[in-house]
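Per TrEMBL, these features apply:
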- B:6-184: domain 'CheB-type methylesterase' (DOMAIN)
- B:Ser18: active site (ACT_SITE)
- B:His44: active site (ACT_SITE)
- B:Asp137: active site (ACT_SITE)
Amino acid sequence: MVLIDDRELEVLINEVFEYYGFDFSGYSRASLKRRVDRLLHLDGFRNFTELLSKVRSEPAYFKHMVEEITVNVTEMFRDPLFYNVLRTEILPIIGTKPFIRIWHAGCSTGEEVYSMAILLKELNLLHKSLLYATDINALVLDVAKKGIFPLQMMKQYSENYMASGGKKDFSHYYTANYGFAKFDSELSEKMVFSQHNLVSDGSFNEFDLILCRNVLIYFDKDLQDKALVLFDDSLAKLGYLALGTKETIKFSPLQNSFKQHNKEKIWKKVQ
Amino acid sequence: MEKSPIISGCKVVIIGGSAGSLDVLLKLLPRLTVATFAIVLVVHRKSSEDSTLEELIAIKTSIPVKEVEDKIALLPGNIYIAPSDYHLLFEKNDQLSLDTSEKVNYSRPSIDVSFESAADVYGPALVAVLLSGANADGTQGLQAIKAAGGIVVVQDPETAEMPFMPRNAIENLTADYILGINDLYEFISTINI
Ligand SMILES: C[S@@+](CC[C@H](N)C(=O)[O-])C[C@H]1O[C@@H](n2cnc3c(N)ncnc32)[C@H](O)[C@@H]1O
């Protein structure tokens, strides 16, 4: 199997920035290297130079590369206990506002956004909510917009849903057809999808809740801190920031402006 | 074991295991007091959020068990356990990274993934141990570690509750040491001294 070395990885990062303006220099090298190795293997390159020249000369291939090196694995109601806390503790507080704005940063194929819509619907808050969902990868956003997921995943998602405190029959949220589950359009009515790069794009609204789960793990510390500043700038006073179960704002210069919600990976902006 | 090997300059001892490995760890770790190196455990576990494995191990050893969060510093003298549902990776600046990419060998964390990443960063300063298991995970990772100049130790399949995993490794590469549980303790306790 062809493997790239550290120097080649840096060459690729530099060239991609020069040719396309995408800056991967703040990405975790350990993960990025694995993803590029995987791409070399998947697309059958004989060596690094071949990959590099294709990336340089074919913008469509570069787009494909971005789609492949980002990790898009996701689930509905991933970490059910986290969703339980949203349901019972966080959303009821935000729900007292006349209007709710939520941002899913790095939403991937949208499973997290549909899970949120289900929570909001059950709390009777969906009608006054707006869910902004963004990702760097255009392909996953297309999937997310459709709200169609593999039917074979529904057993697991239904279990997650119940473990998160869901009481309904999960299957009433979708229609099964040809091996796919299409989620009710009522859930997606309040969703807005768009491409947004956490490295280079700025704040675009003020939110009551921002979820950025399992995205920062692909960044190095400096880029994580930079993204946290962006979230801070995009949060209303007393708004909440939710990260993945193994991510933290501890050690970030921003930690003093936030108060952790018990032991959850949820922080409230206090100043 | 006839004689203790002399291993010096070791920064990380990484131990991979699957079915039947917890028992070995619970026998091994309480006896170790070290450490001049970091101990990293990558054990196949159910994908659930509970931290029972960390707790089980923490009460059995005097070596501090660190809760692994993304970008935590990897320091000598501590035990780090790969959390469930994430692959564990190593950064050149001695930090750990987590990754939710596809399962490898039906596993996340996967032993191969962590072994390969550790080989890349620590090369000859790495000692890897592969324990009992019923899965082929670990073999490819050990190959990467050998190629990078690290030391490869495999649990003697005769002493493993599930011999498949160590046997698969032995059949596909030349392990530096094949050790029973007791010898494994002797071996690790002489590293860097
Ligand atoms: C592992 S998925 C997380 C999905 C979901 N939040 C979850 O926790 O299940 C990570 C997502 O982050 C996106 N991502 C990576 N780099 C990004 C960037 N610079 N800006 C925005 N999104 C990014 C990837 O495309 C991918 O869809």
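From the backbone N, Cα and C atoms, a Cβ is placed for every residue, glycine too.
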Neighbour-count leader, CB within 10 A, active-site residues: B:Ser18, B:Asp137: B:Asp137
Proximal but sequence-remote residues of the same chain as B:His44 (active site) (Cβ under 8 Å, at least 6 apart): B:Gly17, B:Ser18, B:Ala19, B:Ser107, B:Pro109, B:Ile111, B:Gly133, B:Asn135, B:Asp137
DSSP-derived structure type at B:His44 (active site), helix or strand or else coil: coil
Mean of the pLDDT scores, which run from 0 to 100, over the domain 'CheB-type methylesterase' (B:6-184): 94
